């Protein structure tokens with residue numbers, strides 16, 4: 001094969017994300033080879049390339065032909081299901097690869113798998129990147145947020161491609177070299193955990209407005225549209241306003257009311273919560289959002305619980321607080337509660353990233369992470385520019401909660417926040433995300449907590465000792481003996 005005919009890059013795994021990313025790369029002027037084990041997907045991609053502008057896409061039908069169709073040093077992106085399929089794909093291609101060639105895994109992979117593969121690739125003289133890709137199918141086609149971590153040389157080899165393919169915002173393309181090892185995958189995992197929190201908080205805002213405020217879907221669509229022109233401007237708020245407007249094609253009313261209330265998940269939210277526990281980082285908002293997905297899955301149990309508790313005398317309280325509600329004030333209160341809760345959720349995610357960065361010596365740039373999330377990805381929001389500036393002001397910021405700008409905003413919003421949570425509790429509406437965020441804020445801001453009593457209990461039953469506030473050292477007390485003596 002003549003050198004001139006070789007592709008600049010290759011992509012294997014032509015499900016929706018893979019196809020769209022390949023076409024995005026080709027559209028930016030980079031000839032690309034594509035491969036899929038099910039060859040009909042190759043033909044489908046070639047057909048789309050022809051229709052979408054005669055894009056420079058070369059279809060390959062065997063691992064050998066695929067690898068050899070790419071110019072050296074070769075860069076191969078793989079977008080297949082995480083876990084064993086990635087290892088199988090790497091094995092199929094590495095047989096034909098040469099030292100200096102690079103593999104980029106663009107899936108949602110567990111970061112330790114990426115670190116293992118980096119080590120295995122190095123033994124073969126190959127370079128390896130684990131790259132988080134956010135934005136869904138639309139982002140993949142028109143500009144995603146990209147989070148590559150691993151070999152810097154591998155990143156440098158395709159930096160020009162990634163910078164053209166990524167979403168573009170006013171301060172640059174939404175891609176940056178994240179760091180060594182599995183940092184790219186870890187950052188994408190936490191991004192997804194934050195996404196869980198965002199979606200949960202929005203659903204709670206909807207629940208309160210609908211069931212306490214009695215707002216219609218039409219009114220909700222207008223409210224979310226209005227919110228999307230202010231501090232809450234974001235992809236998720238924008239699409240939420242669209243969702244409320246869609247009519248049900250099979251019946252009366254809006255489609256949203258006909259959707260079964262069971263939430264699916266892929267596992268990255270669970271990984272985020274597990275890592276938070278592993279690193280002793282409090283992430284209650286993200287954990288609450290995960291718990292809610294688990295509980296939503298218990299549809300039959302929930303329906304039975306509603307019946308049993310009603311028969312036991314529990315009055316139907318959901319929405320009971322709606323009489324005499326000032327709707328305009330409620331809408332404004334919920335907006336403020338959503339924003340304040342969101343700050344806490346992002347603070348938890350960023351603190352988890354900071355803890356992992358310290359543990360692994362990744363030297364993550366938190367302001368830069370916020371910047372590359374401003375476009376292309378699911379959590380893109382104007383709010384992220386504020387986070388970027390907070391970390392520019394103080395790269396060692398302990399928490400977004402104590403950034404002077406965010407602190408001021410939270411103090412201004414706390415009265416509305418408390419009203420919303422209190423109202424929801426009175427109305428029997430669960431708002432675990434907002435409650436967790438408020439409890440996190442109230443716990444974090446207190447100079448003294450009742451943890452002194454917990455330490456005393458631990459010392460009594462387990463002789464775990466305690467520290468004192470007035471003198472140094474570790475102390476143990478014979479609590480039971482002294483209590484009985486003094487009784």
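Here the Cβ of each residue, glycine as well, is placed from N, Cα and C on the backbone.
According to Swiss-Prot, the features are:
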MOD_RES   1  N-acetylmethionine
BINDING   13, 14, 15, 16, 17, 18, 36, 37, 38, 80, 81, 82, 108  NADP(+) binding site
BINDING   108, 134, 135, 136, 191, 192, 196, 266, 293, 458, 464  substrate binding site
ACT_SITE  188  active site, proton acceptor
ACT_SITE  195  active site, proton donor
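Where Swiss-Prot records a feature, it is marked here on the structure.
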residue : record                 : DSSP class
13      : NADP(+) binding site   : coil
36      : NADP(+) binding site   : coil
81      : NADP(+) binding site   : coil
108     : NADP(+) binding site   : coil
135     : substrate binding site : coil
191     : substrate binding site : helix
293     : substrate binding site : helix
Fewest-neighbour residue among binding-site residues, criterion Cβ within 10 Å, set 36, 38, 108: 38
Cβ-based isolation winner (fewest other Cβ atoms within 10 Å) among the recorded positions 81, 188, 293: 81
C-alpha spacing of residue 188 (active site, proton acceptor) relative to residue 464 (substrate binding site), in angstrom: 39
Binding-site residues: 13, 15, 17, 135, 191 - member with fewest neighbouring CB atoms within 10 Å: 15
Spatially closest candidate among 17, 36, 81, the listed binding-site residues, to residue 135 (substrate binding site) (Cα to Cα): 17
Maximum Cα-Cα separation (Å), residues 108, 134, 135, 136, 191, 192, 196, 266, 293, 458, 464 listed as binding substrate: 49
Pairwise CA distance, residue 13 (NADP(+) binding site) versus residue 195 (active site, proton donor), rounded so that it is a whole Å: 25
Inter-residue Cα distance where the pair is residue 293 (substrate binding site) and residue 38 (NADP(+) binding site), in Å: 33
C-alpha spacing of residue 81 (NADP(+) binding site) relative to residue 188 (active site, proton acceptor), in angstrom: 16
